[in-house]
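> Among the features that Swiss-Prot reports, active site, proton acceptor is placed at GLU83, with the record citing similarity to another entry. Here Swiss-Prot flags TYR15, GLY16, SER17, PHE18, GLN19, GLU20 as substrate binding site, drawing on similarity to another entry. Sequence annotations record features per position, and here Swiss-Prot assigns compositional bias 'Basic and acidic residues' to 147-162. According to Swiss-Prot, the feature region 'Disordered' maps to 147-170.
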Amino acid sequence: MTSSDQSPSHDVFVYGSFQEPAVVNLILECAPVMVSAQLHGYHLYRLKGRLHPCISPSDNGLINGKILTGLTDSQLESLDMIEGTEYVRKTVEVVLTDTLEKKQVETIVWANKDDPNMYGEWDFEEWKRLHMEKFIEAATKFMEWKKNPNGRSREEFEKFVQDDSSPASA
């Protein structure tokens, strides 16, 4: 048995850009099993000047997303790295869309629940149309950086996930 066989696997609820298989496959360097699920008690917000959303607790919130099943510690670390320090990982209960079974999983929540940059509702289809190509380019650059930082900082990567089309980022 290898050391990776001994590590527990992780099931992670993802939303936003991580629902897109092309993004997940690039970041995790594989195609994990994805299961549709809903997270109650959270809202999916837009973030001013960003290509990606965040979630934060909300009494009446409901988020449709996916569970990435069986992730390794290394894959979970890749998700954490690309999200950065503005997010925190939490254990939440989701409901599987097909079976209505409840399941405890991990997800990534925006650390500052009072952030004034959170607004409205993030739209996956709009993101795919307007921003997916740029986000995949940014994720590719992130993976290159992760493999060989070459003196570059994480902040250089973060510039790629800024939404330069919005007036708020000007």
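Cβ coordinates come from backbone N, Cα and C, glycine included.
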> Can you tell me the three-state DSSP label for SER17 (substrate binding site)?
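Helix, per DSSP.
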> For the residue listed as 'active site, proton acceptor', just count the other CB atoms lying within 10 A of its CB, please.
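Other Cβ atoms within 10 Å of the residue listed as 'active site, proton acceptor': 16.
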> Can you tell which of the binding-site residues (SER17, GLN19) has the fewest other C-beta atoms within 10 angstroms of its C-beta?
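If we count Cβ atoms within 10 Å for the binding-site residues SER17, GLN19, the smallest count is at GLN19.
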> Applying the rule Cβ within 8 Å of the centroid of the Cβ atoms of TYR15, GLY16, SER17, PHE18, GLN19, GLU20, what extra residues of the same chain belong around the substrate site?
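Residues close to the substrate site, other than TYR15, GLY16, SER17, PHE18, GLN19, GLU20: VAL14, VAL23, VAL24, HIS52, PRO53, GLY65, LYS66, PHE124, TRP127.
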> Show which residues of the chain containing PHE18 (substrate binding site), separated from it by at least 6 in sequence, have their CB under 8 Å from its CB.
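Set apart from PHE18 (substrate binding site) by at least 6 residues yet with Cβ under 8 Å, we have VAL24, ILE27, LYS66, LEU68, LEU79.
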> How big is the gap, in Å, between the Cα of GLY16 (substrate binding site) and that of GLU83 (active site, proton acceptor), rounded to a whole number?
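On Cα coordinates alone, these residues lie 12 Å apart.
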> Restricting to the same chain and to sequence separations of six or more, state which residues have a Cβ under 8 Å from that of GLU20 (substrate binding site).
LYS128, MET132
> State the Cα to Cα distance, in Å, between SER17 (substrate binding site) and GLU83 (active site, proton acceptor), rounded to an integer.
11
> Determine, to the nearest whole angstrom, how far the Cα atom of GLN19 (substrate binding site) is from the Cα atom of GLU83 (active site, proton acceptor).
14
